[in-house]
Amino acid sequence: MSVMPDHWIKDKAIQEKMIDPFIDYKESSGILSYGLSSYGYDARIDNKFKIFTNINPVTVDPKNFPLGSFIDKEEDICIIPPNSFVLAKTVEYFKIPKDILVMCVGKSTYARCGIVVNVTPLEPGWEGYVTLEFSNTTPLPAKIYAFEGACQFIFLKGDSQCSLSYNEMKGKYMKQLDVTLPIVNNS
């Protein structure tokens, strides 16, 4: 696998709408940076958040996630409670080519404050807004900022195309438009 450079990311974003909207430079003046970097793309988060709370003490179960465990907020700054997490989605919509796997890593600025971002790989053929999870690992409240850089996506090109893409597998998170909670298919 090869890590794809800025010019490849830019070409795919412009020609195939791989990232939309796409910022072809690094915006960093007084904010958490976002946009095109040497070997990746720093994405932003929207201002709609699902804040995990323990007001209804239940067992967290990915097969039967307790919906009442979230508070929905729409604001430019989100406060993550101590030792808790928040779900958000990217501003950018992604369309991943069939020969590309995308990995996500956190921003060093957030990491240095005890805020960790987590997302699973964007698989070949997947498209949608990316649901991100921000964990506050500290015993104090922590802030994250809407419409600023939240994470970096790194594009890995496979030696050949996969036999079956996420779209062709009819993946359960295909074309998600909002923050999406866990889905377990019962087939």
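Glycine too: its Cβ is placed from the backbone N, Cα and C atoms.
As the structure is a computational prediction, the values presented were derived from the model and not from experiment.
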Site-mate of Lys107, Ser108, Thr109, Tyr110, Ala111, Arg112, Thr131, Leu132, Glu133, Tyr166, Lys175, Gln176 for dCTP in Swiss-Prot, selected among Gln15, Gln152: Gln152
Cβ neighbours of Lys107 (dCTP binding site) where a neighbour is any other Cβ within 10 Å: 20
